[in-house]
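*Asks:* Pasting a structure here, questions to come.
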Amino acid sequence: MIVLGIESSCDETGLAIYDYSKKKLIADELYSQVKLHKKYGGVVPELASREHIAKLNLLAKKIFKETGLSFEDIDCIAYTAMPGLVGALMVGATFAKTLGLIHNIDTIAVHHLEGHLLSPLLDHNSNIEYPFVALLVSGGHTQLFEVKEFGEYSLLGESIDDAAGEAFDKTTKLLGMGYPGGVEVANLADQATDKSKYILPRPMKNKPNLDFSFSGLKTAVLNTWYDEQDQSLENKANLCYALQNAAIDVLVSKCAKALQKTKNTRLVISGGVSANKLLRHQLDLLAKNREYQIFFPPMKYCTDNGAMIALAGAYRYVNGFKDSNLEINVKARSPL
C-alpha cells in the first residue's frame, strides 16, 4: 500500500511517497522557505501560501519522474489539514483533493502533530512498541502525551503560555540574530566562553504536574540582556547557552516525571526542537541511567516534511480512515 504525503502547514513544502507494506520511504522532496522569510524575522502567511502554490506541482512532477511511479501506483493521498496557517493548509488540501478527484484516489486528512509524533518511525531501525510517552517540542507546541495505541493519545501536560521553540525564536529576534531561532541559539551556545555568567530560571520544573511555561524564561532573557552593559557577541553566546540549558533542563525533568507517572519505559521525542544536540544528549543520559528506551526522528525529519505526513496517512488509511467527500476542512488550531 503506497501513500503520497503532502505537507504545507507553514513554511515548508513537502512531498513524499511511503510504502506501508515494506515500511519504507520511497521518495522525499522538500522545499524550504526559510530564506524567503528570514528577512522578515518570521513567517509571512501570504507569502508562504503563494510559495506552496508555486512549488507543489513542480515537486510532484519531480518525485514521480525520479521514482518512475505514476498515480496508478498510489493508493491514497495524505495531506496536512491541521493545525497551521489556514491559507497554507488550504493550498495543500486543495492540491490533494484535486489529484484525488482526477485520478480516482482516496484522500485522507492528517493532523500535523500526529505526523511529528510518528516521525521516529522513519528511522528504519526504530521498532517502537506501545505504550510510550511522547514529547512534541517545536516553535508552536510543547506537549507530553501518553500513547497507548495508534490514535489513542492522552495529553499529560503542555505549555500554559509559550512553546519552548518560541522562546528560542523570540530570543534571537531580541539579540538581532537570524531565523529560525532554535538553530541560531544552539550554534551560538556552542561558542559560549563563560558558561556560568548568566543563571536563568527553570519555570515549573519543580511543580508536580507535567505542564510547562516558557514565557517567564523568555522575559528573564529580555531583562538580563537589557541590563547587560556589554552586549557583545561573546555575551550573546553566553546568554544563549544559559537559555538553552534552562529550557532543556525543564524538558528533560518533565519527561522523567511523565515516564515515572505513567510507568512507561519508552520515550519518543519529535518536533523541530528534537534536533537540538544538547536535548538529545541529556535525554540519552536519562535513558541510560534509568534503562529507558528513547526514540528520535532522523535529523532531517525533525522539522516539517512530507515524509511524516505520508507515514501518518498510511497508518490512518490501514486503520480505516479516509475522507468521505470533497469538502475541504482545515483548521488553524486543533488539539491532537
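Just so you know, glycine gets a Cβ as well, placed from its N, Cα and C.
Reproduced below are the annotations present in Swiss-Prot:
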{"type": "BINDING", "residues": "HIS112, HIS116, ASP304", "note": "Fe cation binding site"}
{"type": "BINDING", "residues": "LEU136, VAL137, SER138, GLY139, GLY140, ASP169, GLY182, ASN276", "note": "substrate binding site"}
*Asks:* Which three-state DSSP class does ASP169 (substrate binding site) fall into?
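*Replies:* In three-state terms, ASP169 (substrate binding site) counts as helix.
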*Asks:* What does the structure give for the C-alpha distance between GLY182 (substrate binding site) and ASP304 (Fe cation binding site)? Integer Å is fine.
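*Replies:* It is 14 Å, counting Cα to Cα.
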*Asks:* Between SER138, ASN276, which of the binding-site residues has its C-beta surrounded by the fewest other C-beta atoms within 10 Å?
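*Replies:* Ranked by other Cβ atoms within 10 Å, the binding-site residues SER138, ASN276 bottom out at SER138.
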*Asks:* Can you grab the distance from SER138 (substrate binding site) over to HIS116 (Fe cation binding site)? Cα atoms, rounded to a whole Å.
*Replies:* 10
*Asks:* Among LEU136, VAL137, SER138, GLY139, GLY140, ASP169, GLY182, ASN276, recorded substrate binders, what is the largest CA to CA distance in Å?
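*Replies:* Result: 17 Å between the two most distant Cα atoms.
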*Asks:* Among the binding-site residues HIS112, HIS116, which residue has the largest number of other Cβ atoms within 10 Å of its own Cβ?
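*Replies:* Its Cβ has the most other Cβ atoms within 10 Å: HIS116.
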*Asks:* If you run the three-state DSSP split on ASP304 (Fe cation binding site), which class comes out?
*Replies:* coil
*Asks:* Quick one: Cα separation, VAL137 (substrate binding site) versus HIS112 (Fe cation binding site), in Å?
*Replies:* 13
*Asks:* Of the binding-site residues HIS112, HIS116, ASP304, which one has its Cα closest to the Cα of LEU136 (substrate binding site)?
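*Replies:* So, of the listed binding-site residues, the one sitting closest to LEU136 (substrate binding site) is HIS116.
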